[in-house]
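The block underneath contains the structure these notes are about, expressed in C-alpha cells.
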Amino acid sequence: MLPSDYTTSQLDVLEAEAIHIMREVAAEFERPCLLFSGGKDSIVMLRIAEKAFWPAPIPFPLMHVDTGHNFPEVIEFRDRRVAELGARLVVASVQASIDAGRVAEETGRRASRNRLQTTTLLDAIEEHEFDAVFGGARRDEEKARAKERVFSFRDDFGQWDPKNQRPELWNLYNARIRKGEHIRVFPLSNWTELDIWDYIRREKIEIPAIYFAHSRTVFERDGMLLADSEVVHRGDDEPTFETVVRYRTVGDMTCTGAVQSTAATIEEIIAEIAATRITERGATRADDRASEAAMEDRKKEGYF
Amino acid sequence: MDILRFATAGSVDDGKSTLIGRLLFDSKAIFEDQLEAVERTSRDRGTEYTDLSLLTDGLRAEREQGITIDVAYRYFATPRRKFIIADTPGHIQYTRNMVTGASTADLAIVLIDARKGVLEQSRRHAFLTSLLRVPHLVLAVNKMDLVDYSAERFEEIREEFTAFAAKLNIADLTFIPISALHGDNVVSRSENMPWYNGTSLLHHLENVHIASDRNLVDVRFPVQYVIRPQRATDHEFHDYRGYAGQVAGGVIKPGDEVMHLPSGLVTRVAAIDTFNGPVEEAFPPMSVTLRLADDIDISRGDMICRPNNRPQVAQDLQAMVCWMADGVKLAPRTKLVIKHTTRTARAMVRDLNYRLDVNTLHRDESAQSLGLNEIGRVSLRVTQPLFVDDYARNRLTGGFILIDESTNGTVGAGMITDAR
C-alpha cells in the first residue's frame, strides 16, 4: 500500500517512467522486441515489461544476440526465465553470421566476438522487421551513452548520429520512422547501477549465479580477471589461478572481467557497489578500454 | 529518498562543467577510472589543471572542438536525494537544448560569472526557465574568489537580476555566491563569505520542497494503452479491460466519479490495478491501469477526468513555440504533426502572432516566420480535438511537440497559453 502523503521513492518514479516508455512503444510501433541477455539490466527491463502489460502477456518477443561465448549459467537462466513467462525468444547467433560469411572471426590473443554482434543484431532486426528495439543501456554507464535519447533513432544502416538527435521533451516521445529505420528504446536511461541493485532487492528478482561471489579459475590481463575457458585465448605468459570472484556485468566471456569479491547476497553486493570507486564498465569491460571514444564508435555502427 | 531533476545553464567560461564536476566529485559520483581518464587527457593536451569538463563532454566532436553539443544527463545521490542533472550547453545556437533540459526539470541553476555580471545569456537562460515553468531557479554567482568574495559585488548582481526577473514567471528564486573551483558554498558553507547567511548549493538542492510542484488538484489521466488479455485459458482475465496510463494530474481513487473524453460519458473507477496488486489511490507520476464500472468505448489518446473539472476540448490553440529545425521555418500555413499527451493529430499554423526576442523580451509582431532556436506565439488549428490545460497549470497536459511529416524530425516544442 502506498503512503498517502503523495511522495514517491526514486525507484517508484523510475519504474513509472520505464512503464510509461514501454507502453508508448507497444502503442506506437508495429513490431517491437526486447533485447534480453540474461544480464541484470535486461532482467530488470523484463520485469518492467511484465508490470507494464499485466495481466496481459508481454506483447512483443525477446531477442538475444548470442555470441556463442556466453557464460553457461546465464544461458540456462535466460531459457528458464523465458519459459516461465511463456515469452517468444528470438536467438540471433553470431556463429551463424560467421558461418554465412557475414563477419570474420577475429584472430589472436584478444579475439572477441563482441564487435561482431553488431552485424548479427542489425541483420536480425532487418530479418524480423523490428521497428523498435528495447535495450537495457543506462546513461550513467558511459559518457557517449549520457547523451543518448530514450527513443534513439537509427537510420537504414542501423547507425546512430550523435550530432543529429531528435530533441526529447517532457514525456513525449517521437516514434515516427520510415520503413527500414528503427528506434532503440532505453527505458532504464535514468537508472544508475545502484538503482538497478536496489530494485532487484526490493522486487526480489532472481539473477544468474555469476553475479554472486564464487570460486573460479581466472587469469589476469590488463589488470582484469578473465575466466579461463576454451573460448578465451590465453597466452603461456598468463598463468591461471583460483580465486573468489563475482561479475558486475555479464557479457561475452572474452571481454568481461570478474572482480574479486566475497559478496554473496544482494545486500552485500549493494554495500560493495556503494563503496566502490570504479565504474562497472571500467572495472570489467575490455571493449571500452580500446580508446576514449570506443563506445561512441561502436554505437555509431549500431551496437547496443 | 525522492528525485530532484535539475538543469544547469551557462557556458564553459562560467565554470558550469567545473561546478558539475565538483558536485559529482564531492558526492563521490565520479569514479577513479573516470578521473584517471580525464587526468590523462588533460595531461596529453598540456592542460595544467584537471579539466573536469572532459567528464561531461562525452562525444568525440565535443572533445575535439572543446564545446558541448548536446544535453548530457548526469546522476548522483546523497543520503537525502537522488539527482538527475540535465547539463545543457550555453551557446546561443543551442537554445533548443536548454528547452529540452528544462522541460522535465524541477529546478534550474543559471551560472553567472561574478566578474561579468548579468549577461545577455544569463537573461536568456532565466527567461527559458520561466517559459518552461521550471518551478525553482537558483542563480549561482560563480568565481566569487576572483572578486575577493565581495558582498557588494554579489548584491549588485542580485539587484540587477531581481529587477529583470520581476518581468518573468519565476515562483522561487534563490541567489548563492559560490566558487566552483575552490568549492566555496558548493557542498558546505564557505568561511570566505561570512556575510552570506544562506545555505550551500548542495544543501539547497537537497532540501528544496518539490512535492507541491505537481498538480494534485485536476484529475488528468491520458489513456495510453488498452489492456485486454483475452487469454482463452485464463478465465479470470477473459473479460478484463483496463486503461493503462501515467497520471498527469490529480489524485484518483476507486469509487471516484470520472468522465471520459471525448464522449462526455460519466462512470466510476472500479479499481486501480498494478502488477503488485490494486492500489487505493493514484497520483503523478504513477503508471497504473484503471478499470471502470461501465463499458465505454475508450482508446489511446482519450482522457479521463472529473465531471466537474475538465480540460479544454480544443482544436484551436494559442501557444508559445520554440522552433528547433535547421533549414525549414515555421510560418503561417505550415502543416505539422502534433503530439500532445498520448494523442497525435495534424496541425496547421494559422498565424504567427509575434516573435519574441529572448534577450530583450521585445515582441516583434511584424515577424513572418520562426527559424532555428526562435520562440514565438503561434495560433494552431488541429484536425481533431485535444484535451488541454494551460501549460502554467499543468506541464504535462499543456505541453506538446511538433513533428515534420517529411523528415519525421521533432521540430518544435509548444506550451499552451490559451485554447478553445
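Placed from the backbone N, Cα and C atoms, the Cβ positions cover glycine too.
In TrEMBL this protein carries:
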type	residues	note
BINDING	B:10-17, B:87-91, B:142-145	GTP binding site
DOMAIN	B:1-214	domain 'Tr-type G'
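Mean model confidence of the domain 'Tr-type G' (B:1-214) amounts to 86 (pLDDT, 0 to 100 scale). A simple way to gauge crowding: the CB of B:K16 (GTP binding site) has 26 other CB atoms within 10 angstroms, across all the protein chains here. Taking a C-beta cut-off of under 8 Å and a sequence gap of six or more, B:M144 (GTP binding site) has these contacts in its own chain: B:A114, B:S150, B:R153, B:F154, B:P177, B:I178, B:S179, B:D184, B:N185, B:N192, B:M193. Cβ contacts within 10 Å of B:D13 (GTP binding site), excluding its own Cβ and spanning all protein chains shown: 12. Residues near B:T88 (GTP binding site) in space but far in sequence (CB under 8 A, at least 6 apart, same chain), listed by position: B:A7, B:T8, B:A9, B:V71, B:Y94, B:N97, B:M98, B:T100, B:G101, B:A102.
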